[in-house]
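Listed in Swiss-Prot for this protein:
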type	residues	note
BINDING	R42, Y43, W57	D-alanylgriseoluteate binding site
DOMAIN	10-128	domain 'VOC'
Amino acid sequence: MTDLAGPTITPNLQLVYVSNVERSTDFYRFIFKKEPVFVTPRYVAFPSSGDALFAIWSGGEEPVAEIPRFSEIGIMLPTGEDVDKLFNEWTKQKSHQIIVIKEPYTDVFGRTFLISDPDGHIIRVCPLD
């Protein structure tokens, strides 16, 4: 049995490595429709929910090529209908390139689709669990 004594630990930072912080900041500012809450040349953090942050980081003064640039980032919306609406909104606009990996489909957890950020990280949009 695992010892669960003491304070609970809650994950409150999702960090992804990027090769170009400025380009990725612009991309996520568009995707999240939010301004970052913390900005440096190598690290930028966006508010998520509660005290959680979503952050992008170069990995150092120069991007480290050996660090994999692959994560799956989840965006959960209230309903499957909202998933379809957001897909249509993102793919019809012309200001930002949206790379569609998989168009909306229904999986075991409901409607979902996949896009890619500029570094190849997968962004999955799906309904709340």
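The backbone N, Cα and C atoms fix where each Cβ goes, and this holds for glycine too.
Under DSSP, R42 (D-alanylgriseoluteate binding site) is assigned to coil, being neither helix nor strand in the three-state scheme. R42 (D-alanylgriseoluteate binding site) has a Cβ environment of 14 other Cβ atoms inside 10 Å. All protein chains included, W57 (D-alanylgriseoluteate binding site) registers 18 other Cβ atoms within 10 Å of its own Cβ. When the record's D-alanylgriseoluteate-binding residues R42, Y43, W57 are compared pairwise by CA position, the greatest distance found is 6 Å.
Of all the Cβ atoms in the protein chains shown, 16 others lie within 10 Å of the Cβ of Y43 (D-alanylgriseoluteate binding site). Model confidence over the domain 'VOC' (10-128) is summarised by a mean pLDDT of 93. Secondary structure counts, DSSP: the domain 'VOC' (10-128) has 25 helix, 45 strand, 49 coil.
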